[in-house]
Amino acid sequence: MSVRKLSALSLSIGGVPLIPSVSLVAAANGESRDCHGTICHPVNEFCYVATERCHPCIEVCNNQTHNYDAFLCAKECSAYKTFEPLKAEMLDIQNTQQLILLLLTILLVLIALRCAFQFLRWLIGNRCFQKLMRRLQSKAYPHPATANGKDLNATTIQNLNAINHPGSDLERAQSQIYSVAGAAEGSVVTMTTPVSTRYPAENSTTPTTVMTEIGYGYDNQAMVVTPVSEKPSAATIPVAF
């Protein structure tokens with residue numbers, strides 16, 4: 001099969017070829033030529049009759065050198081002339097493929113991140129997931145229970161009567177105020193001693209106190225409290241004219 005009869009296979013998207021014309025190179029590699037015991041490269045070399053050795057095609061096909069020979073290039077290096085223009089195209093295709101691969105990788109990463117974000121939003125809003133998280137938290141951090149077995153950290157208390165019921169320790173005694181003999185004069189008394197009959201709380205053995213008929217008092221008699229029974233009534237007070 002001749003190299004010239006091979007047609008290049010190509011696939012393009014938007015005018016950019018993705019599969020280079022490699023069928024020509026593959027066919028040429030199968031037609032290696034023997035040059036007096038030496039195998040020449042099927043594309044880049046030819047058997048030069050003058051030297052009986054493999055000679056590079058670039059020397060006779062490059063018009064910028066003094067060894068340029070158009071007839072010899074067309075006869076012996078036809079595969080080289082066909083393949084050489086494709087090198088730049090193949091290089092562009094490789095660069096394009098690398099760029100496409102990079103863009104696809106970035107796109108897949110963005111899609112994966114978006115899917116993960118949507119899944120987390122759905123998972124947080126799911127009631128089953130919230131119940132599962134509450135159970136895990138209750139197992140990891142158990143709340144201390146009260147003496148009667150009720151959990152005060154719970155959202156509800158099942159037995160409200162456990163806090164306030166008849167006969168419980170939480171019941172408070174009612175405050176009581178009793179009237180005594182001095183209440184008529186406007187004195188409010190407590191459970192023990194009327195306000196009007198309270199006396200200084202000094203020790204009677206100190207030198208600053210003097211024993212009196214009431215029991216004890218100050219050295220200054222004007223500071224001694226007069227008992228209620230000895231207070232003069234309104235009838236005995238003389239009226240000044």
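All positions are counted from 1 along the displayed chain.
Placement of Cβ uses the backbone N, Cα and C atoms for every residue, glycine included.
The disulfide bond annotation in Swiss-Prot covers C35-C47 (among others), and the record cites experimental evidence as its basis. In the three-state DSSP scheme, C35 (disulfide bond) falls into the strand class.
Summarising the annotation, Swiss-Prot assigns disulfide bond to C40-C54 (among others). Packing around C54 (disulfide bond) is summarised by its Cβ count: 19 other Cβ atoms lie within 10 angstroms of its Cβ, all protein chains included.
What Swiss-Prot lists as disulfide bond is C57-C77 (among others), and the listing cites experimental evidence. DSSP classifies C57 (disulfide bond) as helix under the three-state reduction.
What Swiss-Prot lists as disulfide bond is C61-C73 (among others), and the listing cites experimental evidence. Residue environment of C61 (disulfide bond) contains 22 other Cβ atoms, counted within 10 Å of its Cβ in all protein chains.
In sequence order, A70 constitute the residues six or more apart from N63 (N-linked glycosylation site) in its chain with CB-CB distances below 8 Å. Positions annotated as N-linked glycosylation site by Swiss-Prot: N63.
The signal peptide annotation in Swiss-Prot covers 1-27 and rests on sequence analysis.
What Swiss-Prot lists as topological domain 'Extracellular' is 28-98, and the listing cites a curator's inference.
As annotated by Swiss-Prot, topological domain 'Cytoplasmic' applies to 120-241, with the evidence given as a curator's inference.
The annotation transmembrane segment is assigned in Swiss-Prot to 99-119 on the grounds of sequence analysis.
In this structure, the CA atom of C40 (disulfide bond) is 11 Å away from the CA atom of C57 (disulfide bond).
Taking a C-beta cut-off of under 8 Å and a sequence gap of six or more, C77 (disulfide bond) has these contacts in its own chain: F46, C57, V60, C61. Residue counts for the topological domain 'Extracellular' (28-98) under DSSP (helix as H, G, I; strand as E, B; rest coil) come to 35 helix, 14 strand, 22 coil. On a Cα basis, C54 (disulfide bond) lies 14 Å away from C73 (disulfide bond). Fewest other C-beta atoms within 10 Å: among the disulfide-bonded residues C40, C47, C57, that description fits C47.
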